[in-house]
Amino acid sequence: MAISRRSLHAIILTVLLLAATAAPSQSGSRSRSRRKSERQSTNRGRDNNSIRGGVAQTPESSPLPALDLTPQPPMEKEEPDTLAPRASRDAPGTPKVPAMPGVTPEPSGNASEPADPAELRADLRGLKGSSDDPNFYVCPPPTGATVVRLEEPRPCPELPKGLNFTEGIAVTFKENLAPYKFKATMYYKAVTVASVWSGYSYNQFMNIFEDRAPIPFEEIVDRIHGRGMCLSTAKYVRNNLETTAFHNDADEHEMKLVPAESAPGLHRGWHTTRLKNNPTGSAWIHRHGTTVDCIVDEVEAKSSYPYNEFVLATGDFVYASPFFGYRDGSHSEHNAYAADRFKQVDGFFPRDFGTGRRHGSPVTYNLLTTPMFTVGWNWAPKRPSVCTMTKWREVPEMLRAEYGSSFRFTSNALSATFTTNLTQYSLSRVDLGDCVGKEAREAIDRIYLEKYNNTHLRVGSVQYYLATGGFLIAYQPLLSNNLADLYVKELMREQALKPEERKLNATTDGKVITTTSSVEFARLQFTYNHIQKHVNEMFGRMAVSWCELQNQELTLWNEAKKINPSAIASVTLHRRVSACMLGDVLAISTCVAVPAENVIMQNSMRIPSKPGTCYSRPLLSFKHVDGEELMEGQLGENNEIRLDRDAVEPCSVGHKRYFLFGAGYVYFEEYTYSHQLSRSDITAVSTFIDLNITMLEDHEFVPLEVYTRQEIKDSGLLDYAEVQRRNQLHALRFADIDTVIKADPNAAIFAGLHGFFEGLGDVGRAVGRVVLGVVGGVVATVSGVSSFLSNPFGALAIGLLVLGGLVAAFFAFRYVMRLQRNPMKALYPLTTKDLKHPSEGGGGEEAMEDFDEQKLDEARSMIKYMALVSAMERTKHKAGRRGGTSAILNARLTDMVMRKRGAKPKYEALPETDEDI
């Protein structure tokens, strides 16, 4: 049976102690000073008990007296001290010196005294040793009725580990969610038919019909890409009826393509018409107008696996494969339209409408007509334009380990573990997977040259494995340069592949590998493998070490059982037994426990009847239960009571022994009991081997995503936000939304006059321009006045002006009437005022008599000259305002005439006083 290393060392120590009985050792566990003090204390006790020469004088024939541990009264004569203290369950931390007859024992160093640090330490040591078994065991000699044997060595397990650990370079591939993207061009004519009701001052749409018509192949090739022109008519079929729309309801003619308004994030576009035809005419008449806008719009197209259709950025679906054509077997691709709706042009030179030039290199151009538009795109073969797999991560250090029927690829850089089968995955099974081998070889070659070119060798070719979760792993095994022989073995394994198997793999139908959107399972697998590897290696090493240790210790057990069979049998059977060798087996008998208080030790190991011979183990007296008679025996090993007292040896000088007695030890010196010790008083040498377990190392996880947000966004064919954005920007790019056409009732008249004069030829056009200009000016003036009067603020202003004019006319009329009645009073109101109020000193008649006729004539002349001066100043002022030369000359001529007219009657100054007259 398996035992611990500590038990084995205990057996070895027991063997050493047995060997020491034949050659007594002079060593002890205490220092010289302590042994000296103990020896002095012991000698004082011996002197009090009449022990001489260190040998107790015990009559050989005298029977053993009654055993007791209580102190005996002093004796008058010398008696042999035959009793040692009784083994008890007292705390071993307080050892007692045996009380001899007639002697009061001295207090020992461990006696109860006031608080002392040494005593506290002793008590603690006593508590530590109190857990040992204090019982004694009586083991009868085995008779052979029960025999046992030791088990044979067991086979030890192997460490759980992976097989064929291989390092290498790996490139992981995932499912390609991104659709195939290419540039396409839409050709169509936007047809708008509007029905307008014209009122006198307003227009009202009665109906607006909008439609899209595809452009024929010939017009696209010859006119649009040939000359950058487009026809003004649109011929298309609706409800199985062929119809034709004419731009501006005029005859067919060519229109030039002009660039559309640019918008951020959109491709280029061209069209022919910015303003739509809105028919207007005389009031209260229904009119209809047609607009045809030829549009060439570059858009982005997308197609996803299996590439049977594609969708344009406008949201329009085309139910044909982008790889359909008439070259290289592409006619087998899907096409849901009739044959006459598709045309493939070889050697086509497309026109760049931005620069007006045609491309220098020819292309194969596909044209497909749908009911609403014609779409064109550059044809390309399906292989290698698309690939169902795309490269995910490059792993320079990938470890491959074989676990059972699977490979586990572990990468610390990714913190992930991928599980695959042991068999390789053929690339021929991947539909449209040509890019996998090419990209894998390029990445592996680059990593190998950068990192492993001088230290490792490649083992065979690149291997491919399909991992759980839909990841395809391209793995290149590597070997260090000193393992070239393994490289040769790997080459032999590669060459051992049967040709039939290779042919079978090459003809396997291809399929698409579906990859999960999350890699958390690989992260969990990596975590589990990381913990499993650490735990399994730790416990595996422990199991192997434990097994090997048991097998090695079994040899020691077989040898130790020959020396002390009882100890080996007791430890093995986990109970106290007595054993002896019967050939190659152990005969055992069960030991009976004896309470410690029923065991008494004698304090002398000398044999009185045989001088020079002593017992090698102390003598005991015991009884199984209280009330029975005492039985004699000898202390054996490990508290065993031997019923025979046959353990003797020649007496030697300087004898010192420690014997396990109950829960402590007893010390004999010169074959005489000295004192008792606790187990804690003896320094223990530990045989325990510490188990050094390595703690689990820390590992940080890094974020790892299979598909980015942009890849997930691009995985769908239709982007609702992009479609709505493009459709709402269509009106801004291909129409003028800022120009406003208002209702004009005279537009019909002008249109009729314009048509009339246009029919008269060049002369009619010239006359028509003059007539239309004059009529337009008159109409504009009348319209302006009419619109001003129709405005409430204008009418209010006119009313205020009229009212102000009436008030001014009234005051002017009054002034004129005053001038007619009394000009002087009107002109000189202050002068005439004195005439109405004469001076207080004179009467009226006398005043009238003061007027002189000559002075009156002079007054009349003065008034006349004042009128002339006023007229000259007005003429000069008007000439200055006009600022012209003719006006200035006219003013001067007028001045000369005025001066000449007034030359005869010269003006003379009036005298200052009446006396001067």
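Backbone N, Cα and C atoms are what each Cβ position is placed from, and that goes for glycine too.
Remember, it's a predicted structure, so these values are computed and weren't measured experimentally.
According to Swiss-Prot, the compositional bias 'Basic and acidic residues' annotation covers 38-49.
The N-linked glycosylation site annotation in Swiss-Prot covers N48 (among others).
Annotation source Swiss-Prot lists N-linked glycosylation site at N110 (among others).
Residues annotated as N-linked glycosylation site in Swiss-Prot: N164 (among others).
Packing around N421 (N-linked glycosylation site) is summarised by its Cβ count: 13 other Cβ atoms lie within 10 angstroms of its Cβ, all protein chains included. The N-linked glycosylation site annotation in Swiss-Prot covers N421 (among others) and is backed by sequence analysis.
Per Swiss-Prot, N-linked glycosylation site is recorded for N453 (among others). Around the Cβ of N453 (N-linked glycosylation site), a 10 Å sphere holds 10 further Cβ atoms from the protein chains shown.
Annotation source Swiss-Prot lists N-linked glycosylation site at N505 (among others).
Under the heading N-linked glycosylation site, Swiss-Prot lists N692 (among others), citing sequence analysis as support.
Taken from Swiss-Prot, the feature motif 'Internalization motif' applies to 907-910.
Residues or ranges marked as transmembrane segment by Swiss-Prot: 793-813.
In the three-state DSSP reading, N453 (N-linked glycosylation site) counts as coil. Taking the motif 'Internalization motif' (907-910) as a whole, pLDDT averages 56 in the prediction.
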